[in-house]
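Annotated features, as they stand in TrEMBL:
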TRANSMEM  24-46  transmembrane segment
TRANSMEM  58-80  transmembrane segment
TRANSMEM  101-119  transmembrane segment
TRANSMEM  125-143  transmembrane segment
TRANSMEM  155-173  transmembrane segment
TRANSMEM  179-199  transmembrane segment
TRANSMEM  220-240  transmembrane segment
TRANSMEM  341-358  transmembrane segment
TRANSMEM  365-384  transmembrane segment
TRANSMEM  390-412  transmembrane segment
TRANSMEM  424-443  transmembrane segment
TRANSMEM  449-471  transmembrane segment
């Protein structure tokens, strides 16, 4: 390699690293703001609307989620991936964008027709309001901005809609009967905000236009469906739990399962920031056959995810009860157990294995794993939900996540050496377990807000010391 070529690689690596850090910052700002606003809003809506109304909201969102999957039919991941791969070719990028948008609109129209058929069959017309979610999905262009790594534009848009939506809910949702208004505000601001994506396409050097439907289906359907099918199976054990819980148990149990689980999902979302911003970078590196750089970035992804997710899991186990007292009313009985059961999913989901499989074009293997997980989820739901309600749903989710991620790691061993990963994971678990046991012995049962704050502070100090002394050197 010439000196000039080496300099080019060095400059490229520096710029790529700077862009990743920049994207992490923007995503971190959005997710942190989103987390804070959700934490602020959750105690209010759980007490104002109650578990009955929130159960309807969770059930409706779970049902419409399947029609959104059909409407997107893999375009969210495929679109981001294909735009990332051809972002240096302006003409090809424009062509692929037009094909993706046409594909997206076509299948979302079908989804709207099918969803409204279900609403008519169901006979409860409050579910008509969830059409807003499908319309939002139809006009969402975040995949294009993700592919171009323009997370700054996504961040500004998401920050604004989060603040506006939260403010409107506090101003207008005042009583149990305001569920319809809550749904309209919560989903409507997302739909309106999609205008921003369309108006700023020039910043991506893209013109908003459609292509031939026949051409779009011909070029996109097969590769997109390979991404769509795994997402269906994944949703079977993420969203289907709420759907089956509504039918096999009660709408109340849906709320008791869903809203504590949302607290855990907030943590998963925050931990998954790095995976989100690195997906286009990993796809780009794999496409350009930069094997060593790809493996380095993957190792960084695992390291930083585990450094956050493992201590977050143990901390959540420690403070689950006072956390539920803060965020939920006394009618949410058993919410703390739901949190404790699903908390380990912070670690599994935080690994962002889906991102790695997508970037490697190993979707067939991923599909096999999630199909097994979906089957496990279905069987456990039928066995547990009629007897244990929300607790049964939580057990089913945890078991399914463990099965799927063990399989994913097993099949990844032929591509990436997992010895380092397992050694690193076990070391962090050993350290966090020691801190957890020490705090349980010293503090005893953590029941009050003051005790919770003391536990969080103590845990943070002890983990920080362990990081400086041991983990930082690995």
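Cβ atoms are placed via backbone N, Cα and C, with glycine included.
What TrEMBL says about a protein is an automatic prediction, not a curated fact.
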Same-chain residues near the transmembrane segment (341-358), Cβ under 8 Å, at least 6 residues beyond its ends: 77, 81, 227, 230, 234, 260-261, 264, 267-268, 271-272, 274-276, 278-279, 282-283, 298, 301-302, 305-306, 308-310, 312-313, 316-317, 320, 365-366, 391, 394-395, 397-398, 401-402, 404-405, 408-409, 412, 425
Residues from the same chain, set at least six apart from the ends of the transmembrane segment (449-471), whose C-beta lies under 8 A from its own: 307, 311, 314-315, 318-319, 322-323, 325-326, 427-428, 431-432, 435-436, 438-439, 442-443
CB contact flag for the transmembrane segment (390-412) and the transmembrane segment (365-384), at least three pairs under 8 A: yes
Long-range neighbours of the transmembrane segment (125-143), counting only residues six or more past its ends (CB under 8 A): 56, 60-61, 63-65, 67-68, 71-72, 75-80, 83, 100-101, 104-105, 108-109, 111-112, 115-116, 118-119, 154, 179-180, 183-184, 187-188, 190-191, 194, 197-198, 201
